[in-house]
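What follows is a single structure, written as structure tokens, with notes after it.
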Amino acid sequence: MHQCGVETSVAASECFTVLNIHSTDDEDEDVLLLMSDHDPGVVEAQSHETQPYYPDHRSAAWGSLPKQNHLADCLVLGLETTRKEDSSGFGPVLEEEPMDMVYPEESSEEKITLTCRSRASPPPQYRWLLNDTELLISEGDSHFSLSEGNLIISHPERHLHTGNYTCVSSNVYGSVVSHRASVQFGYLDMFSTDDREAVYVKEGQGAVLLCAPPPHYPEDLSFRWMLNDFPVFITQDSRRFVSQGNGNLYIANVQRGDRGNYSCFISSGSIPKNVFSKFIPLEPISERSVRKYPADIKVKTPNITALVGQNITLECFALGNPVPDLRWRRVDGSGSDLHASGSGSLLRLQQLQYKDQGVYECEAHNSKGKDRHQTHLTVEGAPEWLQTINSAEIGVGGEFAMSCLAGGKPKPQVHFLKNGLMQLLKGEEINFPALTVDDSGMYQCVAENIHGMITANAELRVFTSAPSFVRTPVKPRLLGAKNNRVVIPCKPRAAPPAKISWSRGTELLHNSSRIFIWGDGSLELLNLSQADEGKYTCFAENHLGRANSTGSLTITDATIITLAPSNADVSVGEGVRMECGASYDPILDLTFIWSLDDHEINLENEREREHYQIKMDLNGSGASGSELLISNTQLHHAGRYTCTAQTPVDQTTSSAMLLVRGPPGPPGGVRVDEVKPDSCKVRWSPGSDNLSPISKYSIQFREAEAMPDWRDASTSPATVEGNSEMATVLNLTPWTEYEFRVFATNTLGTGPPSEPSPRVFSTEARPIVAPSDVGGGGGTSRELTITWTPVERRYFFGSGFGYIIAFRPEDESEWRRVTVTDPEARRYVHKDQRMAPASRFEVKVKAFNSQGEGPFSQSAFIYSALDVPAEAPVLTEVRALSATEVIVVWIPLQQSTLEGYQVRYWRDSLDGEASALRVLVSGRENHTRLDHLRPDSQYLVEVRAYNAAGFGPAGPRSRITTKRAPPSRPPKIIGTKMHYSGGSINVAWERVEALANESSVAGYKVLYRPEGQPSGNLYTTEKHSIDLPLMKGLYLVEVRAHSEGGDGAVAQVRITGSSSLASPTLGFFSTVFLGLLLRFLL
């Protein structure tokens, strides 16, 4: 005899009617029935005496609930079994992880924040590790504190806080660990305060100014160079280059205008700080004839290893005169030139890929020579996931595997963590042959190589449960079409897995020729008929309990194609129309789907919408139709078109073929053989004729080195018939690299070109082009200089290219021949001590290669070099004008070939003759002024004459001492007073006393000028005041002491014509600037 009581309860967002059937017999079981209000077709039965096993932390959670009576006890057990409330919780999922950081040692913000945030339910707890040792953070800690999950380091110190930090996030479901984050302390020291030595370089030679960065961390520095003052930075061009590798400044060839003071300016990408070096004086040494120097690469990027996705820059810069041209190419690739920036100095490789690994060559060349440097680039990669782990909820006793796969170079090592602890088994997979609840937890797959580490997180939750259809009931309304099949899934939640059985009404179903129960519990019915309608119930049972769920099956009429699409045959550009009709059960919804070769036509795709249009006639009466319209048909539209009439229950299809005729496809397998100097044979395999016979072929070519546009080739036969597979290409250039492509043509047009053929070189032949612009003359004594314009490379016609120079005196019949093997050569200098100066010669030049010699150029007549001047100029006066200027005068030479004079001067016994500076003076002058000299210093001066042949001998040297420096202190203006007449104003100043090392004051110079204008009236006086006429407007009065060493520092006062008094304002200008200004005014 059973008693039945009815109660209701709400738990875990599910409302159940609880039927508790109490047995009057103590030995009988109590049975708990839970009927879901959401799905009356789901009935669950649970034996009260069956106790599932859970991890301790979950048991504790449930154990805290009050057990008021037997019913409540059963309810708690039912909720525990289905894990409905447990499913709302989850383990930590990291959303923010700490990042590597560099903390500037001079930072005003004395705090480091490492971020760590995870999503979890219940909320997580956080711990931090430093170098794998847990930080014990307590209240009042002077350095470490936590803000939610973030670690805050106050008053950071390098020796205490440098290292690798790891965040650990935990809750009752497990723990996960973050990436390791490195904390380093950054610094950028000041440059040394020692003076930098001056650099003396001859004009035309290259120069390197060393930066020598001070101690620093990290290495992310950027370099610029200042010239003379801040913030005047030099502009990089083809002649000047700043290496971002070492910071040095490179000047390909020094010019006179490069004179100045240079300072290396450094910025850090991690530290808000800039530093700059002491100035380095650069002093170009003047040359009468600036020499040329071959290209010499000084900036060479060493072999480098970079990561996939990075952007890198390869540097290359060469010294030389003329400025070398720079060219980059990949040696182990196509060999073609690469585009570089920065006048060719910088090769930027963006978003590196593994295919970019290789050897990159920089070539520098000018008229004097070539230089090359190769950099080996190795591309590696940090770990990246190819396959990761995913969270899973698996029943106890089930099989499960976690696997992850990572790519990278070198190949990453993979291991697993559970709750932050290393698992004993290393590898890319963990297998669980029979899961237990102890296997629950937070798992992390870790992949790392020398370039980094990545983690993938997942939660594994192992549960036990009686069968339940609360989450996955059988679908209550099921549909099946006549003569078709239907599959009814049955997937209860159960652990261990439930045993499945099915019934229709009250009839228990078994496997037969029409009925099959799959291994996963699904029921399949074949060849449906009206008799198969009814209610189908799935029963699930394991040792923890049993449950069932029911759905109702309705049989509908089958869908049938009544109008099938028809085959079509069109030409490219024409339109096509295909029709399709179907009958179906009116209680169902019908749609038509069109596809081409199993690819569904999607009108949301813009490219497909451009050609396709689909129309439908869906009247709901059981018969409908659809049209597919194709406009501007192309070759790729050909194929099998399928119309699918589809309802929620079944579908049926019908297909038709569309043939599209068009221009031929590209020929294949283009190859070249029988190569000669001016011809070759090109062969190919016919491509698709696209349903229209090929009528002819045409061939194009291009020269591989220059890579110009494709050009039509001359062929034999002139018209290549459509049945041909070979033609001879004519009029090629010898020893030139070519590639070829072939087009096919039919009555519908010309198709696309073939892929280019492999590159081939036409064979070598003798040159037929002679050098042009033959001329020359000049040079140094006893020399004959011959020049010409080199033959373009495309006319070399073979290897071993060079030039033969023939020359003879005008009055002789025998030619002298000289061979020059440099194909880029532009001049040849013949030296002969017996050669008379200014002798007339006939010269001509021709080219040669390994196949023979070409024709001579037209003859040209030139003259041999002059002799250098034999006589030395004699100095008549060397006089100091001031502390920084000397005038030099000499007796001019009477020679018709004279071009000018060179004046050399240097400080006696200090700098030495090797540091002599040079000034070139026109042959029409016999004097010059030397400036920028040191005050109170002794100099040696000499003069020599020069012409096109070189420098003559130097005359006797003269010794001169510059004046002592002018007064460095400006006059102190003590007042301005207007004359009672109002027509003038008196300006007075204090007497200037010269220092011991300065020239005595001889008087004063007063410049009276309108403000904003550089010139005005200049007055001199020996007094300490002066009367100046008062004029309208704003004027400046500049007063400076004058001495034999020059003019001293200046004092200023502003005078306004409408005011009786003016306020003095002192301005201090350098002695050099003042001297230059007065020279300009005088």
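Cβ atoms are placed via backbone N, Cα and C, with glycine included.
If you check TrEMBL, you get these features:
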- 92-184: domain 'Ig-like' (DOMAIN)
- 201-277: domain 'Ig-like' (DOMAIN)
- 294-378: domain 'Ig-like' (DOMAIN)
- 383-461: domain 'Ig-like' (DOMAIN)
- 467-556: domain 'Ig-like' (DOMAIN)
- 559-654: domain 'Ig-like' (DOMAIN)
- 666-766: domain 'Fibronectin type-III' (DOMAIN)
- 770-867: domain 'Fibronectin type-III' (DOMAIN)
- 872-965: domain 'Fibronectin type-III' (DOMAIN)
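Here the domain 'Ig-like' (294-378) sits against the domain 'Ig-like' (201-277); at least 3 CB pairs are under 8 Å, leaving out pairs fewer than 6 apart in sequence. Mean model confidence for the domain 'Ig-like' (92-184) is a pLDDT of 92. Proximity of the domain 'Ig-like' (383-461) to the domain 'Ig-like' (559-654) is not established, fewer than 3 Cβ-Cβ distances being under 8 Å for residue pairs spaced 6 or more apart.
Across the range of the domain 'Ig-like' (294-378), the DSSP-based residue counts are 3 helix, 53 strand, 29 coil. If you look at the domain 'Ig-like' (201-277) against the domain 'Ig-like' (559-654), you find fewer than three C-beta pairs under 8 angstroms, all six or more positions apart, and that falls short of contact. Note: the domain 'Fibronectin type-III' (666-766) comprises 0 helix, 48 strand, 53 coil (DSSP; helix = H, G, I, strand = E, B). Note on the domain 'Ig-like' (201-277): DSSP counts are 3 helix, 37 strand, 37 coil. Sorting the domain 'Fibronectin type-III' (770-867) by DSSP state (H, G, I as helix; E, B as strand; all else coil) yields 3 helix, 49 strand, 46 coil.
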